[in-house]
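What TrEMBL says about this one:
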- 1-19: signal peptide (SIGNAL)
- 61-427: domain 'Peptidase A1' (DOMAIN)
- Asp79: active site (ACT_SITE)
- Cys92-Cys97: disulfide bond (DISULFID)
- Asp303: active site (ACT_SITE)
Amino acid sequence: MILSALLLTFAFGSGTIQALEHAQDPPLIRLPLVERTDLQARYFKRDGYTSLLYNSHGTQYLVSLSIGTPAQNFTVTLDTGSGDLWVPSKDCPSQVCPVSRYDSQASSTYNATDIPFKITYGIGGADGVFIKDTVTIGGVSVKQQQLAIASNSTNIFTRMTSMGLRNTTADDAVPADGLLGLGYPDLTSSAHQKNGSAYTPFVFNLVQQNLIKDPVFSIYLNSANERNWAGEIIFGGVDSTKYSGNISYVPVQQITAASTSSSAASSKYMFWVVYGQGVAVNGGKGTKPPNIEYATPLPTIIDTGTTLSYLPAQMVLAIVEAIVGPGSNYQQDPTTGMYVLDCSLANQKTTIQLQMTSSSAASKTPVVIDASINDVLMKDQLGNCYLAIAPSDSTSPFGANSALIGQSILRSAYMVFDMGQNRIGFAPSIFSEGKNNNAGSSGGGSNNNNNNGASGGQSGASSLVISSIRWPLVVSLFVVYYCIF
């Protein structure tokens, strides 16, 4: 779930950061996000343990971490939609793994396991084994962390320039060396192997081992037009300078899934998924009421790794008509399903409001994210503008009548993923408008009041640059669990 490549490097900002209240308190791990362009084709999960959507082109959020003793450095994709940390091993041939590779013989803290690892994507896959070793991020280490090393890979790390991705400079191209999943333990691949079991992923070990101040991580994406120091992730706290108002929370929903070892089903936390109750289009040219509600609240995956957002087809069409007005010209790309709109719409005062509720019943005071129209229009190199909200289909995790919210909407919100209370908090994001995001105090109050203010944005369609949306998005999802809320 990703689009242009963002490189995360560790740095503490100015003295305004209040990381510690007492000397014995664990620190915040504060990581600025740097936006980079990805030359690689996007890969799409379709394996047996998760049902997540990946676009074929766009941006990534990459975090720098190290594995082993002495440290071996990697830059991995940050993914809220999966649970495993994995990197290629030295045994993976350089022809198929032309990236940094882990050498178990060079690490004095390496321990082997006999647990196999396998992941399959729409364009390829990777397989290997799970190991245990020290993983360090931002100067904080988890010893004997379970992770996977891939000894074989097909089309995951090799660049797919034949698909028409734009040319970029070598400085822009930052290929990922692997993936760091931020999902729940029951989303890890070993939990869905025959006779397998879940393990504690890295981010949850930060909590269990009291290595971070609070059991949360917060993400600030910034404007789509912002470059260089584009955003920030904090493990263990929040940054109140990055949002306005209060943080409003909605609970994460459990999923009822069939067991791999028996016919029994149980409810588990797996995805960062909440209930969505509808969308409102404010300031558009449509003549109908602005609220577009679902018949009943729908499961909605919150995925910072996916550039586009995905809603039921009729909902997307209603949004388009509310934006452009009746009788207006718009086209739907036959291969991607995305709508082509007039680029001048980016200059309107239109906002698209995602509405979420705390239960399977609609709320009169929903938690909302207000996204400016200029952040949900993306332009290709031919000058065509696309609505970055696409129709979901029957292959999505919960079927065609479901939703996945990606960067096109989430960049307008400051997000807090609360592992302790199993909830996600949202507040209107304050875009930096070109300022470096190294500074700012951590912390900030949060409560359950609702925030309805729209966040600001820059004018003009977002240059989330794709070369030309002329090939299928390869929205290759798979239904593995029988998911019921």
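Heads up, the Cβ atoms here are built off N, Cα and C, so glycines get one too.
TrEMBL annotations: computationally assigned, not manually curated.
On the structure: features taken from TrEMBL.
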{"residue": "Asp79", "record": "active site", "DSSP (3 states)": "strand"}
{"residue": "Cys92", "record": "disulfide bond", "DSSP (3 states)": "coil"}
{"residue": "Cys97", "record": "disulfide bond", "DSSP (3 states)": "coil"}
{"residue": "Asp303", "record": "active site", "DSSP (3 states)": "coil"}
10 Å Cα neighbourhood of Asp303 (active site): matching recorded positions from Asp79, Cys92, Cys97: Asp79
Same-chain residues at least 6 apart in sequence whose Cβ lies under 8 Å from Cys97 (disulfide bond): Pro88, Ala150, Ser153, Phe157
Asp79 (active site) to Cys92 (disulfide bond) - Cα separation in whole Å: 23
For the domain 'Peptidase A1' (61-427), mean pLDDT (0 to 100): 87
For Asp303 (active site), the number of other Cβ atoms found within 10 Å of its own Cβ: 28
For Cys92 (disulfide bond): intrachain residues, at least 6 apart, with Cβ closer than 8 Å: Arg101, Gly128, Ala150, Ser151, Asn152, Ser153
Other CB atoms, at most 10 A from the CB of Asp79 (active site): 27
